[in-house]
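Undergrad: Pasting a structure below so you can have a look.
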Amino acid sequence: MNNVKIIGTGSYAPDRIIKNIDLSKIVDTNDEWISTRTGIKERRITEGENTSFLSTKAALQAIKNADIDPLDIDLIVVGTASPDSFIPSTACLVQAEIGAENATCFDISAACTGFVYALNIGTQFIKTGQCKTALVIGAEVLSKIVDWSDRSTCVLFGDGAGAAILQKSEDNGILSIYTGSDGRNAAKLLGCSAVPVNNPFINTINEQNSLVTMSGKDIFRFGTKIVPKCIEEVLKNQDCKVQDIKYIVPHQANMRIIDSAAKRLDIDSNKFYINLDKYGNTSAASIPIALDEMNKDGLLKKGDKIILVGFGGGLTFGSALIEWMIN
Ligand code: COA
């Protein structure tokens, strides 16, 4: 099996900042409620740019940071719950924009765990020798599927994209990955329908909208249990403990979920990198945006061990133990 490492990162969020107070003009809410319940202060919302546009911006930064030629990329995987279209995939649209003619491209649907799943796919393709250089992206324009009349969900989400380049390597930078899913009651807990079944040969026309619905309390409970479990699982059979981890990069859903996970694991909340105050929950994009910020800000040194941990609709969950290999 080949070794794999991250050689570059990138991210992009739309310019338009929507603060909590701006939302109080649309629904019955206020800054105090949103801040204390979630930690979110503001989020970025697109003014028309779609998911492939955000993905392309993040991908170009990651390519530059990795100092590679787009023609070196032989796999593009985009984790997204809000693609531009059913067909073509967001990954194919990105491929065309960045000129990665040698890549095989597809999207995966794992909601907020999308980046961890995409990272896993890219890693396995490289490990088995199927490809050498993979571009993995988490990207969302959730603002187009959020119900802007539902105050219990619309205040939580934001738009953005993050990307990483994985490459075959001498050193082992992806030490272990843990993933799982639980499809029971999934759509009731957190869902967003696609188009209804409708054709000329049936009598019933199903009425349904395609907006996000969520049982906040159930997802909150799920998050508080699954984040510590994912961290424990990814450390199993590894010669390091959670205390040896420099940073945990969690899915940026809710500060209270992260605080609860820190408590359960008996570690300081400061070990968790947080930027949800600035972006809200950007689903599949939240982990790679955070990772790119940390990379740009020089928080990561070669040899540092970090854990990425995601959870979300599906239900899906996963974590990756990474040794940082960029100098
Ligand atoms: N502003 C003001 N009040 C709001 C509100 C808002 N944006 N949203 C809901 N409320 C109200 C509710 O109507 C309810 O009022 P009531 O008591 O009069 O009925 C009250 O606040 C409490 O609502 P509740 O749903 O019990 O709040 P909560 O403490 O569970 O917090 C969430 C709600 C959504 C913040 C919380 O459940 C959560 O974060 N869940 C996880 C969501 C998540 O992270 N999803 C993505 C995972 S990938």
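Positions of Cβ are set from backbone N, Cα and C atoms, glycine also.
According to TrEMBL:
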- 106-183: domain 'Beta-ketoacyl-[acyl-carrier-protein] synthase III N-terminal' (DOMAIN)
- CYS112: active site (ACT_SITE)
- 235-324: domain 'Beta-ketoacyl-[acyl-carrier-protein] synthase III C-terminal' (DOMAIN)
- HIS251: active site (ACT_SITE)
- 252-256: region 'ACP-binding' (REGION)
- ASN281: active site (ACT_SITE)
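Tell me about the surroundings of these features in the structure.
TA: Counting residue by residue with DSSP, the domain 'Beta-ketoacyl-[acyl-carrier-protein] synthase III N-terminal' (106-183) contains 24 helix, 30 strand, 24 coil.
The 10 Å shell around the Cβ of CYS112 (active site) contains 31 further Cβ atoms across the protein chains shown.
For HIS251 (active site), other Cβ atoms within 10 Å of its Cβ number 33.
Outside the region 'ACP-binding' (252-256), and at least 6 residues removed from its termini, the chain residues within Cβ reach (under 8 Å) are 37-39, 112, 156, 220, 223, 274-277, 279-282, 286-287, 289-290, 311-312.
Taking the Cβ of ASN281 (active site) as reference, residues of its chain lying under 8 Å away and at least six apart in sequence are, in sequence order, ILE40, CYS112, LEU142, LEU156, PHE157, GLY158, HIS251, GLN252, ALA253, ASN254. ASN281 (active site) falls within a strand segment according to DSSP.
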Undergrad: Which state, by DSSP, holds HIS251 (active site): helix, strand or coil?
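TA: Looking at the DSSP assignment, HIS251 (active site) belongs to neither helix nor strand, so coil.
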Undergrad: In this predicted model, what is the average pLDDT of the region 'ACP-binding' (252-256)?
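TA: Mean pLDDT, the region 'ACP-binding' (252-256): 97.
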